[in-house]
Amino acid sequence: MKTFHGPTCGTAVSLCLLLFLTSALEEGEITSKVKFPPSSSPSFPRLVMVGTLPDLQEITLCYWFKVNCLKGTLHMFSYATAKKDNELLTLLDEQGDFLFNVHGAPQLKVQCPNKIHIGKWHHVCHTWSSWEGEATIAVDGFHCKGNATGIAVGRTLSQGGLVVLGQDQDSVGGKFDATQSLEGELSELNLWNTVLNHEQIKYLSKCAHPSERHIYGNIIQWDKTQFKAYDGVVLSPNEICA
């Protein structure tokens, strides 16, 4: 386990992260997790994706997460463009409810049957389709109450922005707020340009052995996509469901 500090080592960290994730999955027994320590200005632990996303009219975003506390708003995934800082945003509030923002439209807030437990791994999937504006959230394989239609109907998530994990961007790559950050861990984050069905989402939420996981994102793939680590992010091997 190694902690990387500061943007000056960003390029090297990207290579280390990619190599670490790849070798961990090839072992067939472990996957990798990323730990985000507490934020305190001017230190905002985060992962920043190398490159950008394409234009998207459908998405499924899934990941495993574990939180150390429920205070403020815990931002997991932020995609910001020059025109919209909340082009795509996922977060957890103090009540343990998930919020999902697509293309700057009103946030979808849901209550899930599975409560979020501090210190325990949970799996979440967010889906959205431009055609009817259907947006859903499922936690641990179960759909939440409050899923809706009419969210950003006919819109396209624009290419050219920046993906940040663990912080909320109020401008592209910046204007972070310590009360809008993740204190916890992420793993197995994948993004698709289509809406996965319920059976696929249920399968992803199971504690399957890494060698038995066959559904990986075609836009972001946890063991392939490169990220740069900043401000004390910790990378380590992990058995997700241990």
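Here the Cβ of each residue, glycine as well, is placed from N, Cα and C on the backbone.
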Swiss-Prot annotation, disulfide partner of C144 among C112, C207: C112
T60 (phosphocholine binding site) and C144 (disulfide bond), Cα-Cα, nearest whole angstrom: 15
Which of N147, Q180, all recorded positions, has a Cβ with the fewest other Cβ atoms inside 10 Å: N147
Among D85, D170, which are binding-site residues, the residue with the most C-beta atoms within 10 angstroms of its C-beta: D85
Three-state secondary structure, Q180 (Ca(2+) 2 binding site) (per DSSP): helix
Cβ within 8 Å of the mean position of the Cβ atoms of D85, N86, Q169, D170: remaining residues of the chain near Ca(2+) 1: S78, A80, K84, L89, D168, S171, V172, K175
Subset of recorded positions (T60, D85, C125, Q169) lying within 10 A of Q180 (Ca(2+) 2 binding site), CA to CA, in sequence order: Q169
